[in-house]
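Participant: After the structure tokens below, expect a handful of questions from me.
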Amino acid sequence: METQRASLCLGRWSLWLLLLALVVPSASAQALSYREAVLRAVDRLNEQSSEANLYRLLELDQPPKADEDPGTPKPVSFTVKETVCPRPTRQPPELCDFKENGRVKQCVGTVTLDQIKDPLDITCNEVQGVRGGGLCYCRRRFCVCVGRG
């Protein structure tokens, strides 16, 4: 009788633990990868933009050193380029081709890898053209300019 009662109690605890595991998502399921967090920032940029076309990730700088806390803001630097897709279409930017001679923006700021917390602090500035119709790409304090003339 005592063994049967202990078995029933153990069964209930197992059921409770299983239900708890299903209801409470794990921390790893809530954490985004560095790239996913940046893509989310690009989506936010497109949502808040008043420009005609969507922007798509062109280049992503290396992620910062590993930090175990997904809620801690992480520095980010990336480049986006204008696509051929009009903003009102709501098409995923990853499916859009880059626009020939489209605008290029360098973006810096911070993101978190936590899906629940959503603080993004990103500033994007258009990469300025140079004489002859070329472009300058600046990364931190180093710029490379490619001109046509």
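Placement of Cβ uses the backbone N, Cα and C atoms for every residue, glycine included.
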Participant: Looking at Swiss-Prot, which of Cys85, Cys107 bridges to Cys96 via a disulfide?
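Facilitator: Disulfide mapping in Swiss-Prot sends Cys96 to Cys85.
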Participant: Say which of Cys107, Cys136, Cys138 is recorded by Swiss-Prot as the disulfide partner for Cys124.
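Facilitator: Disulfide mapping in Swiss-Prot sends Cys124 to Cys107.
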Participant: Taking the Cα atoms as reference points, how far is Cys124 (disulfide bond) from Cys85 (disulfide bond) in Å?
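Facilitator: Rounded to a whole number, the Cα-Cα distance is 19 Å.
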Participant: Rounded to the nearest Å, what's the C-alpha distance separating Cys96 (disulfide bond) and Cys107 (disulfide bond)? Just drop the number here, would you?
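Facilitator: That comes out at 20 Å between the alpha carbons.
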